[in-house]
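Participant: Swiss-Prot lists these features:
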REGION    1-20  region 'Disordered'
COMPBIAS  1-11  compositional bias 'Polar residues'
SITE      K90  site 'Involved in determining product regiospecificity'
BINDING   R92, Y199  flaviolin 1 binding site
BINDING   H290, R291  flaviolin 2 binding site
BINDING   C356  heme binding site
Amino acid sequence: MTQETTTLTGQSPPPVRDWPALDLDGPEFDPVLAELMREGPLTRVRLPHGEGWAWLATRYDDVKAITNDPRFGRAEVTQRQITRLAPHFKPRPGSLAFADQPDHNRLRRAVAGAFTVGATKRLRPRAQEILDGLVDGILAEGPPADLVERVLEPFPIAVVSEVMGVPAADRERVHSWTRQIISTSGGAEAAERAKRGLYGWITETVRARAGSEGGDVYSMLGAAVGRGEVGETEAVGLAGPLQIGGEAVTHNVGQMLYLLLTRRELMARMRERPGARGTALDELLRWISHRTSVGLARIALEDVEVHGTRIAAGEPVYVSYLAANRDPDVFPDPDRIDLDRDPNPHLAYGNGHHFCTGAVLARMQTELLVDTLLERLPGLRLAVPAEQVAWRRKTMIRGPRTLPCTW
C-alpha cells in the first residue's frame, strides 16, 4: 500500500475513519455508514481487525462500476491481512468469493446447474411441502411461537440441504458448524474448529460422490473432480460458502417480518394486495440492512481513477451495497419504505461476476416464507412489545435473534 495517496486534482485524500462493529437493536441503518455517505462518494475506513485502511465506495454508480471492473480483484485479498470486520480470516482455495476471472467462471460452472431458474422451479413444490410441515407444527401446538426458531431457521437449512445433497441425519450438525463460522462472538479458535468440522465433512462427501450423476451440488462437485474440471480442494472451498448461504435467508426474512409486524401500514398493504408482493419484497430487500459493516474487499490491480481520486495499485477497496441501495440519485426518498417503488434496481444480491450464486434460490425461499406465514397465520402479531425482541449481536448477518409471535 502506498504511504501517501493524492487525488488527481491535487487535494489531500479524505481522512481515515474508524468504523466499529455496532450491535444495533432493530433494523435501523448503520449511523457510521450514513455519516460516511454524507462525507463523500469515496472515503477511507479502518475496520476493527486486520491492518491499515481501505477505500470505501458508497454511490450506486461507483459500486456497480467497481464490481464490474476487472482492474479490481479478489484473489490477492487472501494473501494479506486487510482491514476487516471479522476477527478471523482464513479463506480456502476454491472459494468463489475470492476467485478472479477466468477461474471464477470455471468454478461456478461446476455447480451452476443446481441454481438455475428451472432447477429452482422444480424444487419449489418440495420447498413448499417442507415449509407447510413446519407451519403445521406451530399451529398444532398453538401460540405463542418463536418464528426464528420454529420456521425461519429450519426452513432454509432444509432447502439448502436438499439442493446441496446433505443427508437428513447430518443436517443439524452441518447447521451448527455454519452458525459458529459466521458468528463473531466465539472467537477465532471456535470458528476454526467449526471450519475443520464442516470442511472435513464436505471433503468426505465430495469423495463419496465421485462419478455420481446426481443433480445435487455435492454430486455435481464429485463428478467435476472426477472429470478433472476442478480440484478436490477447490470443490471443498466452493461448497462451504454455498452450504452456509441459508443463514442469509433466515435473517433477511426475520427483518422483513419484524418490519411488517411493527408497521401496521406495511402489513395491511401486503395482505390487501397479495398479487403485488413481488414488488414489495424487492423494496424490503433494498431497504433492510442485511449485514454489519461491509463484506469482502477488492484490490486495485493497477492505478484506477474513481471520482477524481487515484486509487493506487495494491490498495484495498470496499463497496457498500447497503449504501448503494440508499443512493438518492437512484432511489428517490431512499430512507422511506415504498412498497410500490418501480423501477427498483437494488443490489441486495450483489453485482458483477460475484453476484450471489444462490440469488434465485434465496428469492424463492423468501417468497414462500412471506406468502405462507401471512396466508396461514392471518392474525399474526408480535407476542411481546417490539422493544423486547432480541437482535443478533457480534455477527456479520443482522436480524432478530428471536421473533415471538401469536396469531
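In case you wondered, yes, glycine gets a Cβ from its N, Cα and C as well.
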Participant: To the nearest Å, how far is the Cα of C356 (heme binding site) from the Cα of H290 (flaviolin 2 binding site)?
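Facilitator: Cα of C356 (heme binding site) to Cα of H290 (flaviolin 2 binding site) measures 14 Å after rounding.
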Participant: State the Cα to Cα distance, in Å, between H290 (flaviolin 2 binding site) and R92 (flaviolin 1 binding site), rounded to an integer.
Facilitator: 24
Participant: Can you check which residues sit near R92 (flaviolin 1 binding site), meaning Cβ under 8 Å from its Cβ, same chain, 6 or more apart in sequence, and list them in order?
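Facilitator: In sequence order, the residues whose Cβ lies under 8 Å from that of R92 (flaviolin 1 binding site) (at least 6 apart) are Y199, T233, V236, G237, G240.
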Participant: For R291 (flaviolin 2 binding site), which residues in the same chain are close in space, meaning a Cβ under 8 Å from its Cβ, but six or more apart along the sequence?
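Facilitator: Result: L322, M396, I397, R398.
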Participant: Return the count of C-beta atoms lying within 10 angstroms of the C-beta of H290 (flaviolin 2 binding site), excluding that atom itself.
Facilitator: 19
Participant: Taking DSSP as the reference, which of helix, strand or coil describes C356 (heme binding site)?
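Facilitator: It is coil.
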